């Protein structure tokens with residue numbers, strides 16, 4: 001009899017997309033026909049949920065189990081997306097707790113009924129994004145944040161929406177353990193309108209992160225990624241005090257920022273469920289995303305754990 005798998009599980013509930021990418025010398029203006037570069041078109045597996053699942057699987061290095069719940073189309077792209085996750089060791093079994101269902105409706109056909117019920121093998125962490133219906137996000141947050149489960153809830157609020165939209169779908173940030181927006185998502189989510197623009201300075205990011213933690217009740221940490229400026233976090237220490245920190249970005253030659261944020265989230269999540277603290281897990285995520293931006297593409301740019309200096 002095989003030994004039970006005792007590794008901590010991270011369950012990603014989210015989107016799977018097929019990226020169709022072309023490279024052009026510039027963005028065409030309205031009504032213009034512009035020739036793309038002859039080398040410039042390719043397809044690649046993507047979607048924030050799938051990218052984060054791949055990052056967790058690779059950066060977990062075998063010590064963390066990753067599973068995913070999502071929906072793909074009943075077509076060639078859907079098969080490629082499923083195959084990509086299987087090749088990474090992400091659990092997508094359709095007869096187990098965590099599964100990918102095939103439906104022509106794709107991401108926005110993912111309903112609360114698809115979310116696995118809790119059992120004795122509930123995941124250590126569940127990771128969510130905004131590329132699936134908000135009712136499904138709300139259901140998952142309530143399900144996994146309610147005692148007696150000890151599942152941690154990580155929400156990546158991308159694409160950004162205003163607080164009123166979250167409230168209208170009964171999404172309560174006080175049931176979220178980790179909130180991880182980028183600079184644009186933080187600005188919109190905090191100010192409540194798209195005209196707010198991006199968070200541009202470290203002090204501003206610290207103020208907004210602290211406000212989400214203290215005023216809106218995020219449980220453990222609010223982490224804002226700032227691209228080339230690094231990462232800002234507001235978090236509770238073991239005594240319950242609120243601390244802030246700025247972790248600078250690593251200086252590298254940036255080729256393509258696609259999937260950098262997803263890689264950061266995967267690195268942070270994998271490190272945290274292994275027992276590292278908030279700051280150490282942020283540093284792991286920063287290191288992983290620095291490797292990602294040095295390559296083109298989404299999932300193909302996400303590094304393996306062996307490429308990094310993780311211990």
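Cβ atoms are placed via backbone N, Cα and C, with glycine included.
Because TrEMBL annotations are produced automatically, they should be read as predictions rather than curated entries.
For 262, the entry in TrEMBL reads active site, proton acceptor. Within the same chain, residues at least 6 positions away in sequence whose Cβ sits under 8 Å from that of residue 262 (active site, proton acceptor) are 48, 51, 52, 55, 298, 302. Annotation note: residue 262 (active site, proton acceptor) sits in a helical segment as assigned by DSSP.
The DSSP secondary structure for residue 19 (substrate binding site) is strand. Feature annotation from TrEMBL assigns substrate binding site to 17, 18, 19, 47, 48, 49, 50, 51, 131, 262.
Feature annotation from TrEMBL assigns ATP binding site to 182, 225, 226, 227, 228, 229, 230, 261, 262. Within 10 Å of the Cβ of residue 228 (ATP binding site) there are 12 other Cβ atoms, across all protein chains.
Taken residue by residue with DSSP, residue 301 (K(+) binding site) is part of a helix. The C-beta environment of residue 301 (K(+) binding site), restricted to residues of the same chain at least 6 apart in sequence and closer than 8 Å, consists of 256, 258, 259, 263, 292, 293, 294, 295. Here TrEMBL flags 256, 258, 292, 295, 297, 301 as K(+) binding site.
If you average pLDDT over the domain 'Carbohydrate kinase PfkB' (9-303) in this model, you get 88. Residues or ranges marked as domain 'Carbohydrate kinase PfkB' in TrEMBL: 9-303.
Note on proximity: among 17, 19, 50, 131, 297, the binding-site residues of the record, the Cα nearest residue 230 (ATP binding site) is that of 297. Of all the binding-site residues listed here (50, 226), the one with the fewest other CB atoms within 10 A of its own CB is 226. In three-state terms derived from DSSP, residue 48 (substrate binding site) belongs to a helical segment. Taking the mean position of the Cβ atoms of 256, 258, 292, 295, 297, 301 as the K(+) site, the remaining residues of that chain whose Cβ falls within 8 Å of it are 255, 257, 259, 260, 293, 294, 296, 298, 300, 302. The Cβ of residue 297 (K(+) binding site) lies under 8 Å from the Cβ of 21, 44, 256, 258, 259, each of which sits 6+ residues away along the same chain.
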